[in-house]
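Trainee: The structure under discussion is supplied below as structure tokens; questions concerning it will follow.
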Amino acid sequence: MNTELKILMAGVDEVGRGPLAGAVVTAAVILKKPIDGLTDSKKLSPKQRNLLAIRIKEEALAFAYGRAEVEEIDQLNIHHATLLAMRRAVEALPIQPDNVVVDGAFTPQLNIPCKAIVQGDSLIPEISAASILAKVLRDEEMVALDKIYPGYGFAEHKGYATPVHKEALMRLGPCKIHRRSYSPVADLISK
């Protein structure tokens, strides 16, 4: 009889701190076993991310998403909104982990032990998996929002401050999903 207890660790990461538009999206993942190919989502091609996201969803013991909407980002600031989204992801897990590891330097307020790990998305498989799930979901959302708010190019730049996006902002003005507290959006509104 195996009396060894498995410690359940959830990895958490965010996507979308820097863009001028859209929500910040987080994921929390508890892995059953290692999955080959996991690394920081930014180091993977879209095709690799999509394939790994399917495997993570199939093979993980549990996963969940959290988010903070544009209004929350503008009201709280991106730092606090990100921590809120991380907490929401952990609380949405169908299984409570024994501890949580988060990519970055700060941890959300949780009732379970939590540790921040700088560059954790490259070092800890659970955080890598969370990074991939969050990135795939947010990218899909921005492609869908591109159809609702045409002309900004959200499907291509995902809301980041590219020259194309800045030019569209100047031409069209901000839409509902633009972060009013972010420059150059705030600069446009104040003119």
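Backbone N, Cα and C define each Cβ position, glycine as well.
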Trainee: Of ASP74, ASP98, ASP103, ASP139, which does Swiss-Prot put in the divalent metal cation site with ASP13, GLU14?
Mentor: ASP103
Trainee: Excluding near sequence neighbours, so keeping only residues 6 or more apart in the same chain, what lies with its CB under 8 A of ASP103 (divalent metal cation binding site)?
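Mentor: Long-range Cβ contacts: GLY11, VAL12, ASP13, GLU14, ALA116, ILE117, VAL118, GLN119, GLY120, ASP121, ILE124, ILE127, ALA130, SER131.
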Trainee: Using the recorded divalent metal cation site (ASP13, GLU14, ASP103) as reference, state which further residues of the same chain have their Cβ within 8 Å of the centre of those residues' Cβ atoms, listed in sequence order.
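Mentor: Close Cβ neighbours, site residues excluded: VAL12, VAL15, THR26, ALA27, MET86, VAL102, GLY104, GLY120, ASP121, ILE127, ALA130, SER131, ALA134.
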